[in-house]
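Database features (TrEMBL):
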ACT_SITE  Glu182  active site
BINDING   His181, His185, His191  Zn(2+) binding site
DOMAIN    91-274  domain 'Peptidase M12A'
SIGNAL    1-24  signal peptide
Amino acid sequence: MKRKFKSLLAISLTIVSSSMYVSCENEGDFQKEETHLSDEIVSAPKEVLMINGQKIHVKKTATEGKYLVENDILMDISQMEQYYKPDAHKANIGQIQWRNIWPNKTVYYQINPRLRHRGIINNAMQIITQQTGIRFVNSTGTGNYIDITSNIYGDNSSDIGMTGGRQELSLSSASLGIAIHEFGHALGLAHEHSRSDRDQYLVVDDKFWDKPFYGYSYGAFDFNSIMLYGSIKLSNGNWSFVRRSDGQPFRSATDSRSPRFSHGDLAVLRALYR
């Protein structure tokens, strides 16, 4: 077997695994497809921060001191400084200090009562529990919990892992796939297209996405991962942001009619929550 890698913000160890690939798609298959997560990237106003001597493209958020990294991951400066350390990903899973999992496989949450798509959110949590055994428990608003809301910018975003105290998960899209994607971040999953080996499998437009500086890798590259953004069809008819290495576009698993964590996603979550 060939040793490959899979994204993970927590660890940079490798396992022997086999890769699952979706079949090639032609452009006609995408005429009516929506890639909600990817569409947010095209018009996203960004600024550049210097973090550990590196240029990092971020978006401002409504939360003071918080930025969107990689389009939908909430981080403050101190978290980015830890994230972009060259040695931050060489430690074993139990030695990572800046990213925490939820103890006892239990996630506490509150849903803003003004959200109209609460049913989709509850469905996403039910699917995740069925797939992983991770429980979601309604919070009293104290301790460590996720506040599920919709922010003034109308984006979809989440902190990575359990950050302590109140943390925000914004869901402005009434999409089951996007809800599962953002909960994936809240549980500790990274983007599949931020893997250190991504250029072996993808062509990524650097106007929209920074090159990965260090490897967040675990397992085989997974085109079925719900943490992988899909291709964008621009107004001029060209495909942009991300395509397969052969130039063909592909859709994101977030747009599936039955979105779920892939086998690769579940392997990472099992490593985190063992």
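We count from 1, first residue shown onward.
Glycine is no exception: its Cβ is also placed from the backbone N, Cα and C atoms.
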Whose Cβ lies within 8 Å of the mean position of the Cβ atoms of His181, His185, His191, the Zn(2+) site, other than those residues?
Asp72, Ile73, Ser158, Glu182, Gly184, Leu189, Ala190, Ile226, Met227
All-chain count of other Cβ atoms within 10 Å of His181 (Zn(2+) binding site):
31
Three-state secondary structure of His185 (Zn(2+) binding site) from DSSP?
helix
Within the domain 'Peptidase M12A' (91-274) only, compute the mean pLDDT.
86
